[in-house]
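According to Swiss-Prot, the protein carries these features:
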- 95-311: domain 'RNase H type-2' (DOMAIN)
- D101, E102, D206: divalent metal cation binding site (BINDING)
Amino acid sequence: MANIVFKLSDKDITTLMSRISFDTENLPQGMKARAKYQNTTVNIYQSGKVMFQGNHAEAVSEELLPQHSQLNTNKTKKKNMANSFLEQTLMYDQFNCIGSDEAGSGDYFGPLTVCAAFVTKEHVPILKTLGVDDSKKLTDTKIVELAEQLVTFIPHSLLTLHNEKYNIQQAKGWTQVKMKAALHNEAIKNVLEKIDSSQLDYIVIDQFAKREVYSHYALSDIPLPKKTKFETKGESKSLAIAVASIISRYAFVTYMDQISKNINMTIPKGAGAKVDVIAAKIIKKYGLSRLDTISKKHFKNREKAQKILKPL
């Protein structure tokens, strides 16, 4: 199935929407309008990007956006030439892969989020056009923009371990490695239920532990062990991992924004000195028990925040 993306001005989007009938209600977050036309899905996003999906995507885009279609084709050819070496080095992008990654493990505040995503060879050009990259290189704003588009067409599973449950499991002796292994394995199994596994070439996990350690903590067997690979710096080696990273980071960032609104403070990410100061302010205003509902209790920040409040 072909996927073609354009970046349009508000004027061009208005013109496009006047040419065929679009639905504008009950749409996923981040989507402005959607239409079905000649066996092709046309998605218009709030970001100004328009995606054509389907076997006739190219023909439909040429019909509805004749001028832009030709410009986009020329740009794509140039970009493909520039990326030719990159495509040779990214082996996994030549195959249909499930990638998995997590967010929040190094942050005192907020949950642990894990995503697994299925990316096919056909998805690769559209993902590159959208600008999918290592989430650590992307701003939070860009992550939100990308994720809201990705979740509309990439089969995925997103799991969130909220702080209260996280702290309960940690108190029982669960390490972060055990939590992540269990969540990654569950997310991967969820995605396998959504796809035809005969089309799957590899499962690529952004490595946080060696295979034997992962297998020990995963709570259940690795679904397809012969197809499963563990890669350090996986986001730079597999677009499937990059997509999973963006979606998991999106969930984490969104939750952090919600925490900030709920307590009327800007909650910093990470586990540095700024985090200690904000944690101390939360204890002073709301109490230690409230702090524990939005943070990971075993981090040293909790102790440091309490020391800040002690009189000199």
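In case you wondered, yes, glycine gets a Cβ from its N, Cα and C as well.
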Inset, instruction - Would you count the other CB atoms within 10 A of the CB of D206 (divalent metal cation binding site), including those on all shown protein chains? - result: 24
Inset, instruction - Counting other Cβ atoms within 10 Å, pick out the least crowded of the binding-site residues D101, E102. - result: E102
Inset, instruction - Kindly state the mean pLDDT of the domain 'RNase H type-2' (95-311) in the predicted structure. - result: 94
Legend entry - Chain-mates of D101, E102, D206 with C-beta within 8 Å of site centroid, divalent metal cation: S100, A103, V114, C115, K180, H184, I205, F208, G234, E235, I241, A244, S245, S248
Legend entry - Structural state of D206 (divalent metal cation binding site), classified by DSSP into three states: strand
